[in-house]
Structure formats: C-alpha cells, structure tokens
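Read the structure below first, then the notes.
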Amino acid sequence: MLALSHYNSSAPLLLPHVANDSGGKVEVRAAVEGLSHHENLTFEEPTAGGAFIVILSMTLGIISNIVALFILVNAYSLQRRRSKATFLLFATSLVITDSIGHVIPGALVLRLYLSGAARPQYVNSSDGMCQFLGGSMVFFGLCPLFMGCAMAAERCLGVTKPLLHSSLVTKRRAKICLSIIWLAALSVALLPCFQLGSYTYQEPGTWCFIKVLSDTKEVDVAFVVLFSGLGLASLAVALVCNTISGLTLVFARLRRQPGSHHSAKSHDIEMVVQLVGIMVTSCICWSPLLIFGLMSVIHSYTGTIGHSLSYYETLMVMGVRLATWNQILDPWVYILLRRTVLRKIYLIAKCQAGLRGTILGRWEPSSFPSSEKNDVDQV
C-alpha cells in the first residue's frame, strides 16, 4: 500500500518559555511529564537513503503487478471455461486494485517524506492530503480483503456445488459483485467526511490513518472496530471457504481410482492453491495492522495507554509496513503458483522424495496440465 521510511526519534522538542518563579517550576514539571508521554513525536530530517528505499519499494510493487497482470490477461483471453474465466476476472481486478493501491498512497508518502514529514505539532491533526491518504489506505486495504473473500466463496461453491455454481455465477454477476465490493470499501473510507471517525498523521509523520492513539472518541472506536472487524471477518470467511474447498478436492482425489483421469479438477486445484496463497499473504500482511489498531484504540479510549504510547506507536508502524508488502507479494501468487510451475515443482519433489507407488502417486503430473496449449512461461 505504501512505503514508510525510517526515522530516528532523537531530535528535541521545543520547550515552552518558563517564568522564573514557583509557577514556572510547575510548568516545567508539567512540560517534562508531557514529553515523557510523547517522546516519539520528534523526527530527524529524512535521508537520501530512506527516499531510495521508498522508491525501490514502489518500483518493485509496480513491476510485480504488471507482470502478474500480463499473465492473467493473457490467460483470460485464452480461457474457455466459464468458472475459470470468472476466477481470472476477480484475480485481474485484484491485481489492478493492488497496483493502484500501491502507487497512489506510495506517491503521497514519498511526497511527505521528501518534504520532511509532518512536523511534531501536526501529528494527531489532519489536512486535505492526510484525509485523502487515510481514506486511500482504508479503501485499498479493504478491497483486497473483500475480493479474496469473494473469490474464496465463489471457488467453494464451484468445488462443492458445481451445478449450482454454473447456474448462479456469470461474468455479469461477477462484475456486479466487484462493483459492490469497491462501493462498500469506498463507503467505509468516506465515513470521516460525515464526522464518523477521523484520519490523523501517525508516527513518524509520513502516513495517515484512523485516529487510534490520542483524543479518541466513541466514533473513532466505532470506525476502527468497523474497519478491523470487516477485515478480520473477510479473512475468517476466506479461511473457512478455502479449507472446505481444499478438503473436498483432497477427498475426491483420494477416492479416485488409479488410472482414471479427471482433468477438469486440475483447474480447481490450481485456483484453490492460488487462493490459499492469497489468504496466507493477506493474513500475514494485514492481521497485525487490524489487530494492533483495535488494541491501540481500546487502550487509548479507556485511558490505559499511559506510558505505553511509544510501544503502541511502534506496533502501528510495524503493522502498516507489513500491510505494504501485501501489494508486492500478491502478484507473485499468480506468477509462481500457476499450473505450469506447480507441475514442475511436483515432478521435482516426486523425483527427489521417491514418491512413486505411494498414496501421493495419485496426484499425477496430469493434475497440473497446462491450461492452454499455447501456454508458455512468461516469467
């Protein structure tokens, strides 16, 4: 989604002018105590090396998504099976969304970085760019999670109830589903425009997100609960659907008589393997930010955050950095987990492990034939 640079929090804040009397001593004590709770709100000027890391991350994400998009569009144009075409439509939309979600927030973060980041006095405040950046993070965060959930549900229906799937799932309905997903994510992202939550600059001043660490109100808690709840629910539904799909395919393969061939199942195997890859990537990259956001806003709202403010700031930065990798890793699921690649991996593993004659021998290389005769390795 975006690339965050590294800042050192050693530069001192400006202390207020203090009168030379007893009242001034009280003000000094209050200022020092306040600084002890906000010691991480100070930043060093960005370095050229940090800017290079931001640009490198954006470049890597763009290249990865372009390669994956080329593979998916080519496969979609050659695909004749409707179920596979529907899956590729969802996958292509996911890659396009990931690509845009990597470029737009990344460019805004880079602009903040090159301009020296938000000054300490602007942290926990907001402006037009912060509102747009925060909304982009929420929108491009929810879209991949919603799409992964929809793709898992569609594949689960296709594997367990193929006849019902063929009558219900069409390209037109898939496009309607994608439109609903984008609209739902946009609706959540725009809630602060109606005073239902707010976006603020976050430590170290190079990104914006939902207010979770200071001056949180009931609407902020509700907004974080909604965002994290929808994200975690999407991951949970995808986990259940992919588990059902995987077990169904495994049991069907184990019940199959040796020597019989059902090449149609190979499409399902490839799609489920890719969905599992997407799910694992999303869980690793997004779960920390979703959970850390809930933890931070609850402790902030209940007033129990205390001296742990810097700890929760660190958690949030770690969470958003992990979320950044989702848009970089997602494309490699389609690049590496194609049937052409899976077939080669299977042959190598079978040769090395000597699996001939065992129960795994039922998973013949024919389980992963090339989906098109003209299919070649694009990578």
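Heads up, residue numbers simply count up from 1 along the chain you see.
Note that Cβ sites are derived from N, Cα and C of the backbone, with glycine treated the same way.
Annotated features, as they stand in TrEMBL:
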type	residues	note
DOMAIN	64-334	domain 'G-protein coupled receptors family 1 profile'
TRANSMEM	51-75	transmembrane segment
TRANSMEM	87-112	transmembrane segment
TRANSMEM	132-153	transmembrane segment
TRANSMEM	174-201	transmembrane segment
TRANSMEM	221-251	transmembrane segment
TRANSMEM	272-295	transmembrane segment
TRANSMEM	315-337	transmembrane segment
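In the predicted structure, the domain 'G-protein coupled receptors family 1 profile' (64-334) carries a mean pLDDT of 86.
Counting Cβ pairs closer than 8 Å and at least 6 residues apart in sequence, the transmembrane segment (221-251) and the transmembrane segment (51-75) reach fewer than three and form no contact. Within the same chain, the transmembrane segment (174-201) stays apart from the transmembrane segment (51-75): fewer than three Cβ pairs sit under 8 Å, each pair at least 6 residues apart. Counting Cβ pairs closer than 8 Å and at least 6 residues apart in sequence, the transmembrane segment (132-153) and the transmembrane segment (51-75) reach fewer than three and form no contact. Remote same-chain partners of the transmembrane segment (315-337), defined as residues 6 or more beyond its termini with a Cβ less than 8 Å from a stretch Cβ, comprise 1-4, 57, 60-61, 64-65, 67-69, 71-72, 91, 94-95, 98-99, 101-102, 137, 140-141, 144, 202-204, 207, 209, 212-213, 270, 273-274, 277-278, 281-282, 284-286, 288-293, 295-296, 379.
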